[in-house]
Every structure is written in C-alpha cells, then in structure tokens.
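What follows is a single structure, written as structure tokens, with notes after it.
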Ligand SMILES: [K+]
Ligand SMILES: [K+]
C-alpha cells in the first residue's frame, strides 16, 4: 500500500494537544490538594501527559496540515485525549477491587466523559469510595469535550488556527459550521466564552439556591460539578441518584440550561450583539422548541395519569400532581432529546408507553452548533423537506424545486450529504445493536429489544443512560468487554459524526 | 381550491377494474357449490361488484389518463378492490358473533389479503367456523394482489395498456420497472404467466407430497390454498397453525418457492429465454441470497443451541437437531425477510436474541420486481453504495463518482429518490409506531416496544405476523379500531410504496 497521508504531521499536532491537556489537569489537582486525596494521581498524570505530548511532537517538528491530515488529527486527538484521560482512573484504583481498575472500563469512562456521553461503568458513585478530585475530573472531561477539544485548542494555539475553519468543520456537530467573525481563532474564543459564561452563571445560580435554603445538598462542589456537565449535554453526576438527589428548585433551574445546551451557540452571539430576531426566527430553534413542547405534553400527560407507578422515593409522586408531572416530563424530555442524559426519576421503571416516547426522543438530537449529540434537528428538517419534495415531484415531475430552510436555499450536495449521513448513522446503529445483542447472547445473558436498542443509540448518540439495567441509575458494567470496546468506538464516532473516524478505515483515505 | 385533476377518469377506470374483479369471484363460488356452503354470499357479492363497477364507469364514459390521473387510479382501485373484497366476509358472518361481522375487521382482513400482508383479525381460523369457499377467497385475495391488480388488468384490458408502463411503474414494487418486451401488455402477460406457472407447480408438488404419503393433511384444497399465498409472499393459511400444521417435507418444498417469490420475476423470463447468466450475475439476487445465508447461519445456530425453548408441539424440537434447526431457521428467515409471514414455529416464543434477529430481517424486504414487500434489497444496495461514497468523498472531495450497480450507472435522481423513499418509509414507520403505542395506552392496554415496532413494520412492510400477541399464531383482533384503521392505511401505502397514496393527501397534487 502506498501511503500518501502525512500521518506524522497529524501525530505531532496530536502531541501538542495532549501537552496542553495537562493544563486542565491542574483543576482536579487543586481539588485533590483541598481534600488531601489523590494528589499523587494527578501529579503523575500531568507528568505522563506532558511527556507523551512532547514525545509525539518529535515525530514531525514542522507539521503541515492538508485536508486528510486534518481529518486524521481530529480523530486521533480525540482518541489520544480519551486514553490520557483514563490514566487518573487507573492510578486511583490500582490494586483495589474497583471496576475502574480494569483498563477497558477506565477507557470506557474516559471516552464516555470526553464525548459527553455520560454512560458509566463505575460500580458505585460516591465520594466515600472515590475522591472528590477524581469525580470532578470525570465531570470536567465532559466540559472539555462539550464545546470541543479542537475548538478550545484553536482558541489558544496560533499554530492550529491556520487550518482552524477546516478543523472545526470536522469536529463540530451539524452539517455546516458558521463563522461568526472573519478570524477563526476569534470565532473559537467567542464560542468558548459563551460556553464559559453559561457554565459560570449556572454554577452561581445552583449555589445561590443552596444559600437561599432551597437546595441543602447543592454544595459549592456539587454546583460546579453539575455546571460542568449541563452545558456540554454530558449528564455525569457525582451523585449516584443523578438529579433525583436534588430538590425541585434545582431541577427547574437546570431545565433552561439544558435547553441552552441543545441550542446553536452562535445564536447567543447574535443575541449578545443585539440581534434577537435572528435568534427567534431561526428555523432550527423553533423546531427544537416545538418538539420539546409536543413531547413534554404527551409524556407530562402520561405522568399525570400514572405512567410512573414504581417511582417511590426517586422521582416523587407525579400522578395527579401537575407541577411534578410537568417538571419530570419536561426535564426528562429535554434531557434525552438533546442527549444530556440527566435523570430526575427512574424512567426505566415508567410504563412501557412512556418509555417508548423517551426512546423516540433519543433519536432526535440537539441543534447544529450546540453541544448536543445525535442526528440533530437540522437534519430532520432537511429530511422532512426532502420527503415533502418527493411527494410534490411525484405529482409534478417537471417542477423540481430546491430545498429551502429559513429563507436560504440548501445546496443539493448538502442535501445529499444529510441523507447519506442519516442513513449511514442508522446503518451503524443497527449493526451495533445486532453486535451487542449477539455478543450478550454469546456470554449467556439476554437483552430485551428495548435494552439492546437503547444501549446502541445511547452510545452512538452520546446520550448515556438507556433502559433496563442501563437505566439512569444503572450502569454498563455488566456488558462483555467486547461490547464495551464496540461502545467506546460508537461514542468516539458519534461525537465526531461518524465520517471523520470511519473514513480512516477505508483504503481510499490512505492511498491516492 | 381549483381542482385540476380529472378524477372522473380515474373513478371510471376504477369501475372497470371492479367489474372485472367479479370474474375472480367465480372461483370461490365454485368451491361454495362443491361444499354447498356460502353459495348465496358469492352470488350476491358478484352482483354487487358488477353493479358498482358499472355505476362507477358511468362517471366518465371516455376516460383519458394523464400522469396524475394514473396515480389516482392506482391508489383508488386498490382501495376499491379491498372494500369489495370485504363483502363476502360481511355477508357470511352477518348476525353471528364472528369478529368479521364488524366492518372494520372485514376491511382489515380484505386489505391484508390484497396487499399480501397476511395480518389477521379473525377470531378463529377453521373450516368448522368458516366455509371452505370463504377461506379460499381469503387466500385468493393474496394471489390477486401479489403480482398486482393493475398488471393483471393491463394483461387483459386493451384500454389500460395505453398507459400501461406508467401504471405498472406506479403499482410495482421497487424503484424501477423493467420492460421485458416492447409491448407493455405482453410484458404484463409474461409476468402473470410466470407467476401462474410457479403457482401451479407448487400446488402440484404439494399435492404430490400428499399422494406420496409425506403430507397426510395436504389435501388438494390445502395445496391450492397455500400455493395461492406462497408466490405472492402473502402468508395467509386456512390452517390456524400456519405451516407448523404440516410435515417437514412440506416445509422444505415451500422454502425454494418463497425464495422465488422474493426474486425479481423478470429474471425468470431471462432464464426461460436461455440467459441464465443474467440471472446468476444479477447483483440484487446475489445480495438477496447472501443475506439469506448469513441470517440463516446465525438463527439456525441459535436454534441448534436452544433458542426456542418453549416450542412444544408447534415447531418441534430444534435443540441439538441439525435438520430441524436448519429447516426452521431457513424457513423463518426467508419467510420474514421477503415478507411472506408463514411460520413453522411460534417464533414469538423464541428467546429475545433470536427474536431480535427476526425483527432485523423484517426490515430487509424482497427484491424489486418481486411480490415481496418492505424497503427491498435494491434500495439497501444503493444506500450501502451511497454511504461508501460519502466516506470516499470525505477523503477526496474532488472525486465525486457515480453510483454503479451491476455494471450500470445509477442516475443521481434515482439515488436521491431511493434515499428520500427510505427515509420517508422510516418516518412513516416511526410515526405509525408512536400512534399505535399511544392508541393502545388510550384504551388501557400497554404494548411492549417489540410488539409496537413489529405491529408497525409488519403492516407497512406487508409482512403479517409480529411478536407477542401478534405472533404467527396470534392475531391483530385486540387492537383498538382506530389502530386497525391506521394499519389498513399502512398496508395500503406499504403495498403501493407510499408515494402514490400519500401524494393524494398533498394540496400540490390536486392544484396547479
Ligand atoms: K450525554
Ligand atoms: K405477507
């Protein structure tokens, strides 16, 4: 095989990204110092990360990125970051009976973090068993992955800004990337600033609820930890009962921030610049809001009439209570629709009709340019318009009209790309589901169809929890190692929207 | 609204088709005479059918078909035929407690017949409760619908042959219709002759097994009845235990004929003309065969190792028995893959892994130009190639290559049509599943996710049986009437591949 891709350049820049990842590790290190636990874990991880980064950089002292090298860099750096992010889990649990002491589990947890999936293989989530620092690192991986490792690096590294637009396009969710300002590094900084601002605001609000006496267990630590995983649609929580551990006030505050997380962040920039109409008239945002309202109406109505009979303590009583039914319905729909995966109630114990509605919501996804995963609203809009056009064309073959969205004409190449992507996504989803089902049968456990489907969509869609044993208060621990490896792959390709990763496995990428 | 569609022409020709449908009713009438039961039922039905046909014809004495009128004719005539086909059910059960005495049930059974779905709402299937003539009519509706009412009419009616190619294209399954000879009426006659030939051959073989002592209950009546529903991938049986009622020899004989039913019938014409290479080198046929082999391998292996623990009498014992595991696995895969829906075993009682594999097979469908329903092999091939091209394009944006299939270049319009159709199909499937789930919840019954998904795909895919209560030996009787009406709609649009029906519900079809 005649390799024509300058992989050395991609590896070298992956090294640079790893090196700068070490900066982020100082946050959990500080927490480790405060709580006097796992200090050495993070010191060693920082040393390893910087060393590996520097070594990889030596592979090519003067890297130059062409299109394919850029694609390889994005795929590679996400994988490298996930591997390095797993080191603290391994170091903190070495020699113990913790599930994280197994390398595949540690990698699963790390990939689940950076890709903002939020699926867990931890045997127990508590600050008794794991340090505050380690659990905060787990939260922080989601925050780093949410707006994008590459976007972050472009914001701070002039070296990467040269090919910035291309790199962001490869990493960013949604069919098209919107440039906010002519300079790409500036666009990256704006996106991260908006993201940072919302995170701070949420942390302040959550801690404010505590000070106001409305959320006794929302400590400063918890406020920070949950802000770190709300804006990236991450869903990890250092509480084993997720958001069910907190008061209704906390749940109400989180809802608008989850809605924000699933919205195109560029729209907030327009809002800041005093162009609210561009926000409110945005077709995708309006569709997103409409879908939330419709789904919440249906699921809220079900909860009101008793769809959650087995809730007990977790999730409270919704039957006959308007506030409770609306809160849990809205929270769960927003959370699963945009791929956050937070839970206020054990929805895996809801009745099968309500579960089915949640499963359907999982296939929607967030907006383009948001931190949400999945297929995404904009693609569904394009598909809807293409389907309608197919019907009109059947009646009037002579009148083939272009697809319009929010006043703009969508190029036929983009349309074809959207259809191709969606079908590729569904094909990978089905193939993965089949694999997971057969793999579980191989080791002698049998999954229900709902568990199997949800395991697959929850990982490739970067959602996190599913149904049955992988419900919001359950875990992925019991899956065979082979299935976990496939799921690690699914989370990785899901976050990068499949193509930049899958293309590496074609001969055509490396040759010619 | 300014209607520009000459609906009178479509209604008039629908009348002509209804009139000729009466000819087919003489077959059950003859059986009624032999068994001296339900004679009046079929006499009256013939009178009603001819009368309605003649009346409708008066709407336009000189109908002329343009493209939209042709589409309306196809959709309308399939619906009219289903309504007329329900009359014998109603007349034979009037005043009894039979489930078929309810008009919606009778229409469901008739639509399920003509569309070759094979889903049933009969309370009991036995010649004690219903006459041989009525049960044979049920079988015969599938045979008439299989190769296509329109194709049949074009073969016999010179009036329709004028627009024949267009009409066949609208009715026939698959993205493209293959003309076998320059004259379209001749093509229609060839297709029906091949279909007729296979039906006769199967009936003779089945009855031969009986004469040879290998199938004691395969009477002449049963041989004819099952030939009527095998070639159209129909799946109705006058035996309540479907094919599990018959010996292994019968099951082995049916398998190749089911494979034939899912194959493009044009290929057999090439075979007859001495061009076997065109058959064997056909890309779609090879993919079809490959999918059967792979699925059978997996499911057969599962059955061999005990996936069907609860079979008991129906389906025999497969664990540890190579012949039995292969026979049931192959039979069930072929039957569900190409949408026949026959069962040799209660697959709704198989373990969840095996059930999942069968559910997956249901989404495949038959070949283009076969009588099989579903999305169809050829579309999956196009989707697979488009997905691969998306990856190559990601690496080499400058090299956009056309899609090739079996040496031919597929036009981009066709490609876009295939993607659009498949996504429209999946959208309708999901919307229908949501409706069925919510509708069942409304009346207080709850469906499992597997039951709900299978109810939807089994009707829109014209498969018939699903899982749970709608398993191969169950029925659709317990669904609410609203769900049944939706399913009638699903069977109708599934048989005509959605667009010719759905387009009637758009304003654009009627205006301009
Ligand atoms: K998530
Ligand atoms: K069928």
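Positions of Cβ are set from backbone N, Cα and C atoms, glycine also.
According to TrEMBL, the protein has these features:
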type	residues	note
TRANSMEM	B:12-33	transmembrane segment
TRANSMEM	B:39-59	transmembrane segment
TRANSMEM	B:71-91	transmembrane segment
TRANSMEM	B:143-162	transmembrane segment
TRANSMEM	B:190-209	transmembrane segment
TRANSMEM	B:249-273	transmembrane segment
TRANSMEM	B:285-304	transmembrane segment
TRANSMEM	B:356-378	transmembrane segment
TRANSMEM	B:418-438	transmembrane segment
TRANSMEM	B:485-510	transmembrane segment
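Remark: the transmembrane segment (B:143-162) makes no contact with the transmembrane segment (B:285-304), by the rule of 3 or more CB pairs under 8 A. Beyond its flanks by at least six residues, the transmembrane segment (B:39-59) meets 8, 11-12, 14-22, 25-26, 28-29, 32-33, 80, 84, 87-88, 91-92, 131, 133-134, 137 of its own chain at Cβ-Cβ distances under 8 Å.
Scored by C-beta pairs under 8 angstroms, the transmembrane segment (B:356-378) has its highest count with B:249-273, from the stretches B:12-33, B:71-91, B:249-273, B:418-438. When Cβ-Cβ distances below 8 Å are used as the criterion, the transmembrane segment (B:418-438) is approached by residues 175, 375, 379, 382-383, 386, 447, 452-453, 455-457, 459-460, 479, 483, 486-487, 490, 493, 497-499, 502 of the same chain, each at least six residues removed from its ends. Segment contact holds for the transmembrane segment (B:71-91) and the transmembrane segment (B:12-33), given three or more CB pairs below 8 angstroms at sequence separation of 6 or more. If one looks beyond the transmembrane segment (B:249-273) by at least 6 residues along the same chain, the residues whose Cβ comes under 8 Å of a Cβ in the stretch are 146-147, 174, 178, 180, 190-191, 194-195, 198, 202, 205-206, 209, 214-215, 218, 226, 230-233, 243, 279, 282, 284-285, 288, 292, 327, 330-331, 334-335, 337-340, 342, 344, 366-372.
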